[in-house]
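Chemist: Dropping a structure here in structure tokens format, bear with me for questions.
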Amino acid sequence: MMSQTFFLISDPDNLDYPIYTVHDKSRILDCFCDISLFKTTTITEIELDNEHPDFKILKLYGNTFMTNRIIKNTKYSLLDVNTVQMLLDYGDPDYEFKSTHYLYVFYMSQNRFDICDYLIASNIKFVGTYTKSCLLNQNTLTNYHLFKYIINNSEFFGCCHYDLMYAAFRYTKFYDLCDHLIKSEYNCNIDYDNFLRQLFNKTDSNGFTINCELDTFQIKKLIDENYFDNEKLFYTVLYDSFELTKYIVEKGFYYDFDSVINSDINLEMLKFFIELGNNLTDDHIMILLSKKYSNDYCKKITFLLDNNYITEKHFTNKIVSDIVWFDLNLLDYLINKLNIIELINLDILMKTSILRENINMIKKCIEYGINVDDYMKFAVDYSICITKKLIELGGNIPDDICIYNPYHSLSIESIDIILENNYDSLENLLLKIINQNKETLYIDEILHIMGKLISTNKPIPDLNKILIKSCYYSDNIYKEIIKLDLNLDNYQQIFVNIMRKEYDNIEQLIFFSTYYNSIELLFVVVLSENIDLFKLLLEINCNDTDYLSWAFVFSGRCFKLMKYIVDNYNVDIYQRQIEVCIMIPKKDYQTKRYLQLMGYEISCIYNTECNNDKLPLVEFMKELSIDSTIRP
């Protein structure tokens, strides 16, 4: 293998320590997915620099390898027919290609149909996964000449006439090609009614989402030429296209208004049919009221109410009960317009209003005779904020009930209520937020409590934990925290200076302190990605094997730090593999590729959850209230 010729498609992002993906010359025609991904039109012939003492190589799949040392030779243009011939000559006659669909799409996208002809003549088959989706999609079919080439070579590409028709109508505005396909002798077996239904699908045959809008011009031509069954056509477009519905109705198509009302039409469609002179009967109104999950339900009911189509007689207990759960604002609008209060279950309405924290509706329930005291326990179980509002509306808390539930989530409003009534202390509330939340959510609440502690000259509990955790998870919170006027000890001052990127006197603070071997400090330095501070700590603790082991584990967070410690210290990089991989950020592919090249198993590198609570790193993170399964 070491004497073989390889091709490099693209240089890696990190050129300080490049890790190259190279492809064996005999299989390069199967690698055009990567060529398309990197949007390149050149490839470079390389040799493996296996004489270099640091040389490493790893087989990824097939004849694709990852290596850290190469010698670049000649760069070739993929748009040169001579290059294509060279790649064909390099091919292994016994190898059966698996993914040449990317190869053909690449050259068609470049309008190099001559090269496609050359490949076809060279017996390079069109094969791969999702070949039709690769060819016939909203991205490739913006190119008129590409689509025309596919049509002319449809048998080679494995595209039946239906596939081409669907693609032409669904993705393009190439009307001449649509006409050509319609008039073709092969279209006689197409079920146009089913064809139209398929055109309105939001996903293709392979389940991929279609984002482009359907152009209706060509469909109107098919309508005019009577390609569809009128009844099937009407109900297909009724569900999916106001434009086409309007078009066929104005052409005089027959429709049954009862069926229209029973369909899931939106407000625009409803208005259109009413404006045509169709009369809404009581049965129609009841159907519309009963379909609470239909398109534009609230808008349709509001429209009908505003235009006097709806009266009290149309409502039942069931309809009103559904609206209570579905939309309190709609219910409020109905109550203000109609006398339907007798149909409302006030107990359910009051509880729903408490859960939705809808004060306006709570007030109405009280006006209608609800005793707010009967709902105080229900409110306490849900939220201290809504409980406080009920108290303001005259509610009384029973002696055996405490308004404060320490297990409820905290908001700034609830924090202030708790403090005003001395239900808990600032210190406890802060610890509760820090310890119970996996990430640094509740940023505003944390800053609110810390601001109150500072203004009252109270110490901030677990400040170290707050600083480290915020540094680990989020730029936003620690940028706000370090703006506060904090009363810091020397240890905390080091943390804050690092977070502020004020490095001038940190080295002295560390060197002359008792914290030089602190694992927490090492953790913060790694999070800062400051290599000078990292070097300082390693130099001071160079004889501490355990400290160096922690440094390597933490360095999973930052590749340049990892590379430094590996190159300069004799650390065992395999001893704590799982912990190292826990530290790697989700999108740090450089570190992942490096460790893979160094012999780490892929299953370890991409393990997103750690089930071993006994690991030292997991225990360390738990002490800081950091969830090791949530990666930044």
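One-based numbering along the chain as shown.
Using N, Cα and C of the backbone, Cβ positions are placed for all residues, glycine too.
Here's the feature list from Swiss-Prot:
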type	residues	note
REPEAT	61-97	repeat 'ANK 1'
REPEAT	228-250	repeat 'ANK 2'
REPEAT	251-282	repeat 'ANK 3'
REPEAT	345-374	repeat 'ANK 4'
REPEAT	517-546	repeat 'ANK 5'
Chemist: Count up the helix, strand and coil residues in the repeat 'ANK 3' (251-282) according to DSSP, in that order.
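Modeler: Tallied per class, the repeat 'ANK 3' (251-282) gives 16 helix, 0 strand, 16 coil.
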Chemist: Counting by DSSP, what is the helix, strand and coil composition of the repeat 'ANK 1' (61-97)?
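Modeler: For that range the per-state counts are 10 helix, 13 strand, 14 coil.
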Chemist: With DSSP, how much of the repeat 'ANK 5' (517-546) is helix, how much strand and how much coil, in residues?
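Modeler: Taking each residue of the repeat 'ANK 5' (517-546) in turn, the totals are 22 helix, 0 strand, 8 coil.
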Chemist: Per DSSP, what is the residue tally for the repeat 'ANK 4' (345-374) in helix, strand and coil?
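Modeler: Taking the repeat 'ANK 4' (345-374) as a whole: 22 helix, 0 strand, 8 coil.
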Chemist: Averaged over the whole of the repeat 'ANK 5' (517-546), what is the pLDDT?
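Modeler: On average, pLDDT over the repeat 'ANK 5' (517-546) sits at 95.
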Chemist: Could you tell me how many residues in the repeat 'ANK 2' (228-250) are helical, how many are strand and how many are coil under DSSP?
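Modeler: Summed over the repeat 'ANK 2' (228-250), the classes give 20 helix, 0 strand, 3 coil.
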